[in-house]
Structures are given as C-alpha cells and as structure tokens.
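Student: Sharing a structure with you now.
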Amino acid sequence: MEPPSDVPDGTCTIWYVTAGIRGKQALLDAAIDYVAANGIRDRSLREIAAGLGSSHRMLIYHFGSKEGLLVEIVRTMERRQRAVLDELSRQRHDSPTEVARVFWERVTDPALWPHERLFFEIYGRALHGDPAVRPVLDGIVETWIEPLAHALHQAGVDPAQARAHARLGLAVARGLLLDLLATGDRAAVDDAMGMYIAMYETTMPTDPAAST
C-alpha cells in the first residue's frame, strides 16, 4: 500500500497510520456483518479472511489472532449498544423504565442473536481463564454501570443507590438474554423482563435532593 502521489512529503507516516486505522475499522465492520450472516465459531482465520475479501495475514496484522478479532467484535458490539442506550436516554431522560422497555426490544432483535451468542461464548472462555480472550473482561461490567447509573440519576434516582441499581439491571438483562438464547422462548422472557420493569417502576428510589 503506497500513498497517493499528491500526499505531501513528510506526511507519509501520518497517511500510513490513518490508512491503517481505516483499514482495520473496515475489516472490523465487515467481520461484524459476517458474524451476523454466517457465524464464526468453527471457521478458521483463513476462512474468515476469505469471507471478508481479505487475507489471514492482514487479520493477524490488525488483530493479532482469530481470538483477538473476536474480542474486538464483542467490544464493538457492546459499544454500539451503549450508544443506542445513550440516545434513548437522551430522548426519554425522565423515564428510565420506558428506556428499559425500548432498549430490551432492541437487544432482543433476532438479528443480534449471532453477536450475542458470540458475546456469551467469549465471556465464558475468558472466565475459564483463556488468555487469548481474557482482555474482553476489562470493563465488561463497569463500562455499562457508568452510563446506566447516570441515566438513572438524571431521571431522579438517588445517586447513592444508582450504581447498585444499574448493576442489578445489567445482571437481569444479561441473564434474561442468556435465557432467550438458550430456550428461544421470547414470550416468557419478555414477560419476565416486563415484570421486572413493572416492579422497579413502583419501587424506584428517588433522590431526596430532587424534592427539596
């Protein structure tokens, strides 16, 4: 890969770095689409690369290994879901339970199931101590607690309790999502989430400062 002829002298290094970043992101985006369409677990890095129209050497260059690619896919999907949550929270900042209902509908979309199966697979391998995917555990809870707690506080939840409630909500959502992937019983899982949200709605702790 060579820079175009119109790239000024002295800026080639910047061009290479920028092109490399763009190339990595393009491969990652393509890999995410590939997972949705084909799955990825039993495929070799060469097969994945061929499906992406790339080479296994290029994937190794950007991600280090197949496991490195899988970790990046999981992290990217998590970031995308947090971005969705952030947008919903800004649109409905005064109603965390309505945000929860809409967000649950989004994350249980069958189109996301291949990525969510990958999430739980990589999560499980990391918990079993697989060093190749261990980095996925970094921030796997905390990156959600902060935005969830902030959204709850914005809606009037006592900040002293917001983080604990955020952690509980995350655990419930992930548990029911695992249930859905294991059983396929969408109606039962939706009923359970609806019950949790309804219970939370009637007991949501409010910020004492908001009433003074």
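Cβ from N, Cα, C; glycine included.
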Student: Have a look at 4-23, 44-63, 104-123 and point to the one annotated DNA-binding region in TrEMBL.
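Tutor: Result: 44-63 is the stretch TrEMBL calls DNA-binding region.
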Student: Of the residues in the DNA-binding region (44-63), how many are helix, strand and coil by DSSP?
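Tutor: With helix first, then strand, then coil, the DNA-binding region (44-63) has 16 helix, 0 strand, 4 coil.
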